[in-house]
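So that you can see what the record holds, here are the features copied from TrEMBL:
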- 6-26: transmembrane segment (TRANSMEM)
- 69-87: transmembrane segment (TRANSMEM)
- 99-121: transmembrane segment (TRANSMEM)
- 148-295: domain 'Palmitoyltransferase DHHC' (DOMAIN)
- 196-219: transmembrane segment (TRANSMEM)
- 258-285: transmembrane segment (TRANSMEM)
Amino acid sequence: MDFLTLFSVYVAVVLTCIVLVCKYSGQQQTPLGRLFNTVTQVASPWIPQCIQNISNRTVHRLFHQRNNFFIYLHLILEAAVYAEYSYEVFQFCLEMETTMVNVCVPYVLLAIKSCIFYLCCRRDPGTLTKKNHAAQLKVYQYDEQLFQEGSMCPTCQFVKPARSKHCRVCNRCVQRFDHHCIWVNNCIGAQNTRYFLLYLLSVCAMAGDIVVLTGDMLFHVVVRSGLMHARYIDEQGQEQPSGLLFIIQHLFLTFPRIVFMLGFLVFVFFLLAGYSLFHCYLAVVNQTSNEWFKRKGHSCQHCHPGSGHHSHTSYNPMRGFYNKGILKNLKEVFWPLSPTRKKDN
Ligand SMILES: *[C@@H]1O[C@H](CO)[C@@H](O)[C@H](O)[C@H]1NC(C)=O
Ligand SMILES: [Zn+2]
Ligand SMILES: [Zn+2]
């Protein structure tokens, strides 16, 4: 395959990944998600009805019903990356005096991540049942802003405890609801936010580590082969010094799979690093993403720029009424409040 074909395939795959992730990661408020919605709306008159129906049904089944599709997708991608790493990078790294310990770190990270992932998927996020409901009502106080005292969940037929929300995908109310994550096929709530956070961080670590090792390997290949000082003959028969573009092109054609993997991992790393930072921030300021999005919507409705008076003070999470300090907030994420272990005022 020539460089251009390979490169177009590459760009197409990456762009599809970005669009899919943004559209369906459960946070449709992202700018890219909105862009995607607009594009689909504009394009819909040109798409035949039957295709639209099929795709609507698929979307419904994949994203609005519980299913393990993304868990499998996840495992397949992971297997592909690790196969590639073991098959091509591992051996090479050993040859160029990278120590055994360094080369094995990705496997250790994989083991850790798999445990956390399992916990995150399997652990009950804090489902509200008839039995624990009365006790759960006492865990958090109502703030009368986002959570009104006495509001009912029409499906579950009971009064919603503060900070809880009904998950439409799982059809249950969840305590300290964060969001429903399709990648773990579970809600993220009081009891598994910690695993979710650790899971994000461990995937970042995994991707980052493999990126560093692979980058190091490619760098050594370039240095060893003397490509940096090489010259090539162009179409006019002139001798040209090899530039960065030439080296990238060369690597692309010599190690297409490795470069592909590297690009994918860099993408995953930055995406998840941003997302992890967001979730760390939320943990530190004692908020859930559900509250964060609601609060954003809330203040937008009421704050008319230039309207003169502000009847309500805008919420500042860092100095919020519920924020009792970073350590206490983190403690609450890692040791969720439960009715038996009530918070100490
Ligand atoms: C976190 O916020 C909730 C209200 O949303 C509050 O009841 C709780 O005490 C806060 N926890 C900490 C550790 O600040
Ligand atoms: Zn409910
Ligand atoms: Zn759910």
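A Cβ is built for glycine as well, from the same backbone N, Cα and C atoms used for every other residue.
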Problem - Long-range neighbours of the transmembrane segment (258-285), counting only residues six or more past its ends (CB under 8 A) - result: 10, 13-14, 17-18, 21, 80-81, 84-85, 88-89, 193, 196-197, 200-201, 203-204, 207-208, 210-211, 214-215, 217-218, 251-252, 292, 317-318, 320, 323, 326, 329-330, 333
Fill in the blank from the handout: Counted with DSSP (H/G/I as helix, E/B as strand, rest coil), the domain 'Palmitoyltransferase DHHC' (148-295) has 83 helix, 22 strand, 43 coil
